[in-house]
Amino acid sequence: MTAWRGGRCYGAGVSASQPVRGTRVRGTRQAEALASALECLAGFRSAQDIHAELRRRGERIGLTTVYRHLMVLSEDGAVDTIRDEDGETLYRRCETSEHHHHVTCRSCGRSVEVEGRAVELWADRVAAEAGFVDVDHTVEIFGLCPACAAK
């Protein structure tokens, strides 16, 4: 279990600075605080939720800075993003560097990373039929997880 104690995230087995390394985000105190918060927070969260958590922990960081860092981390593959059913972008520390998709619970927000070979083949075929090359795609799947469906 991951926990926040004394300004540090414990229990994940990954250093809090890892999301910053290998990205264009400089290793500032604010970037390290954001990386640590992402490590400790479960599931996808809005930038406002992440900012509120950082402020609750006593971090002095502006919402604009949180958005800017999240955007760069997302572009560099260190943070996953999805859009919820209302269109709001949600963020979470990426668990794998490989291309993947998510199945996210509409009720509790639980998210599972999944490979989607069939989706990859379909996207490539559709793009090729339309004459497109160098294609990228985003697929977001929402449903009810087993626990929420059982309620």
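Cβ atoms are placed via backbone N, Cα and C, with glycine included.
Any TrEMBL annotation is an automated prediction that lacks curation.
What you are looking at is a predicted structure, and each value in this text was computed from that prediction instead of being measured.
Straight from TrEMBL, the features:
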| type | residues | note |
| --- | --- | --- |
| BINDING | His99, Glu120, His137 | Fe cation binding site |
| BINDING | Cys105, Cys108, Cys145, Cys148 | Zn(2+) binding site |
(request) For each of the binding-site residues (His99, His137), count the other CB atoms lying within 10 A of its CB, then report the residue with the highest count. (result) His137
(message) For Cys108, Cys145, listed as binding-site residues, tell me which one has the smallest number of other Cβ atoms within 10 Å.
(response) Cys108
(message) What does the structure give for the C-alpha distance between Cys148 (Zn(2+) binding site) and His137 (Fe cation binding site)? Integer Å is fine.
(response) 29
(message) Under DSSP, is Glu120 (Fe cation binding site) part of a helix or a strand, or is it coil?
(response) helix
